[in-house]
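See structure below.
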Amino acid sequence: PKSKTLYYVELMEGTVNKYAPSSGEQTQAAVGKHVSFIIPIKGTTNEFVVGIQRQLARITWDGVSEKPSKIEQLLELDDPSDVIQLNDAKVDSFGRLWFGTVAFDRQNHRWLANKASFYSYAKKEGLKTHLDNVTISNGMDWDVKRKKFYYIDSPQRQIFQYDFDGSEGKIYNQQTIFTLDKHDIPGIPDGLTI
């Protein structure tokens, strides 16, 4: 927000992108296949956490160069079947990264049901698995009081609510709070912002 700059990814192009509305300038850097998110690291001006295929990585990028000056792998999810990819991610008010995965069969061009998961990661805590048997881990956000967490597994066409314990980094007590079918809404829910 302070830089008044939008950072975003081109998933299939494998790029991270920067857009400065004040000047209209748009730049991009190639980082790899299936780049799913970019999140600025607090206290820095040129460091970001990104999802690249199955890897969580920290990149250093000046916002201008065609490639990051540094890509440091933080972790790589184990996947012998080679179908798992990182998907949406957000950071909670404690600085913990929450992200999900999808399982995609590239040969048959289809999503694989109940093969993905939902995680959190922090340097001190490491990787924690919160949900398994997910298909397309997508939208997520917290309420204003940071006591509730909202989450979407897209093919289920529902929005789930959890109680959120930020100090412990836990979600629990799942409830369905909205179902697209009950409201005759077509499509699949994707991102979520409160």
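All residue numbers here begin at 1 and follow the chain in the order shown.
Using N, Cα and C of the backbone, Cβ positions are placed for all residues, glycine too.
Per TrEMBL, domain 'SMP-30/Gluconolactonase/LRE-like region' is recorded for 2-194. Mean pLDDT, taken over the domain 'SMP-30/Gluconolactonase/LRE-like region' (2-194), works out to 94 on the 0 to 100 scale.
If you look up TrEMBL, you'll see Asn87, Asp105 marked as substrate binding site. Within 10 Å of the Cβ of Asp105 (substrate binding site) there are 13 other Cβ atoms, across all protein chains.
Summarising the annotation, TrEMBL assigns divalent metal cation binding site to Asn138, Asp190. Around the Cβ of Asn138 (divalent metal cation binding site), 21 further Cβ atoms fall within 10 Å across all displayed protein chains. Under the three-state DSSP scheme, Asn138 (divalent metal cation binding site) falls in the strand class.
Around Asp190 (divalent metal cation binding site), taking its Cβ as the centre, 12 other Cβ atoms fall within 10 Å, counting all chains. Feature annotation from TrEMBL assigns active site, proton donor/acceptor to Asp190.
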State the count of C-beta atoms found within 10 angstroms of the C-beta of Asn87 (substrate binding site), not counting that atom itself.
23
Integer Cα-Cα distance in angstrom, Asp105 (substrate binding site) to Asn138 (divalent metal cation binding site):
18
Just the number: how many Å between the Cα atoms of Asn87 (substrate binding site) and Asn138 (divalent metal cation binding site)?
7
